[in-house]
Amino acid sequence: MEIHIVTDAVERAGVVADVFVRTLQESVGSGTVLGLATGSSPVPAYTELIRRHREEGLSFAGVRAFLLDEYVGLPPGHEQSYHRFIRENFTSHVDIDDSAVLSPDGSAADPAAEAAAYDRRITEAGGVDLQILGIGSNGHIAFNEPGSSLASRTRVVGLTRRTIADNARFFENSEDVPVRALSQGLGTIREARRIVLTATGEGKAEAVAQLAEGAISARWPATSLQLHPDVTVVVDEAAASRLELADYYRYARGLEHSGPVAPHS
Ligand code: GLP
């Protein structure tokens with residue numbers, strides 16, 4: 001895991017956006033498949049990518065995108081649907097066609113069948129080249145709550161009371177927050193070829209510490225990312241505040257800009 005501890009929102013957005021640009025450049029011509037996440041954490045990176053598109057000619061032509069999750073009961077056009085969120089905060093502002101942005105259909109009559117079909121659609125598209133993730137304060141990624149199988153696939157999940165409370169801020173009334181969601185599984189997410197996870201604030205500090213340094217366990221679902229070979233974690237000082245090895249991560253990032261051996265003193 002490559003851990004970046006950043007000083008402000010601009011630097012955080014820039015480091016995440018750079019991972020997107022590197023992925024787009026590497027898979028040029030073959031139609032990059034992006035895995036997109038909702039929540040507030042990735043928004044500054046989306047804003048930076050929109051800026052680079054407008055001001056620097058960054059193109060997403062040919063890109064297809066798969067969303068991580070969707071609330072059960074909300075159709076794609078619903079105000080609070082994740083599909084609408086991603087269009088409003090990212091894809092409609094760049095050259096990604098609406099029809100190229102796929103999400104599990106929260107209004108499907110048979111949510112379990114929809115989940116399995118969505119998982120297959122990702123595989124049939126050739127898999128995800130880059131998956132961006134946030135993290136829940138309880139260590140969930142997508143909606144894989146504590147207790148999720150580390151090999152889980154896209155499925156219907158029940159949301160914990162803590163997640164419902166955390167997400168209530170996006171709804172007018174907390175009673176309106178759906179209690180179930182369709183979510184890519186931990187096994188599905190780990191099939192992405194590259195992953196970038198970003199988090200901010202003290203409320204995420206314990207989850208981030210577990211993600212990077214905890215024992216791999218269903219108790220903290222994000223720890224399953226320790227089994228992935230290409231994960232970049234971009235966190236601010238507050239979210240990094242419980243990392244025991246923070247000094248090492250800062251030192252290691254510094255070494256990336258130096259030569260192969262230590263300079264003579
Ligand atoms: C929801 C989403 C997750 C997201 C999490 C954190 O639960 N399903 O994908 O990572 O919220 O959201 P935020 O970034 O707003 O803290």
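For all residues, glycine too, the Cβ spot is worked out from N, Cα and C.
Note that this is a predicted model, so its numbers are computed, not measured.
The Cβ neighbour count for Asp69 (active site, proton acceptor), using a 10 Å radius over every protein chain in view, is 23. What TrEMBL records for Asp69 (among others) is active site, proton acceptor.
What TrEMBL lists as active site, for ring-opening step is Asn138 (among others). DSSP assigns Asn138 (active site, for ring-opening step) to coil in the three-state reduction, outside any helix or strand.
Non-local neighbourhood of His140 (active site, proton acceptor): Pro146, Ser148, Thr160, Thr163, Pro221, Ala222, each in the same chain, at least six residues away, with C-beta under 8 Å from its C-beta. The active site, proton acceptor annotation in TrEMBL covers His140 (among others).
If you look up TrEMBL, you'll see Glu145 (among others) marked as active site, for ring-opening step. DSSP assigns Glu145 (active site, for ring-opening step) to coil in the three-state reduction, outside any helix or strand. The Cβ of Glu145 (active site, for ring-opening step) lies under 8 Å from the Cβ of Gly136, Asn138, Val157, Gly158, Leu159, Thr160, Thr163, Pro221, each on the same chain and at least six residues away in sequence.
What TrEMBL records for 13-226 is domain 'Glucosamine/galactosamine-6-phosphate isomerase'.
Its Cβ placed at the centre, Asn138 (active site, for ring-opening step) has 18 other Cβ atoms within 10 Å. Looking just at the domain 'Glucosamine/galactosamine-6-phosphate isomerase' (13-226), the mean pLDDT is 95.
For ligand 1, the nearby active-site residues are Asp69; that is, of Asp69, Asn138, Glu145, these have a C-beta under 6 Å from one of its atoms.
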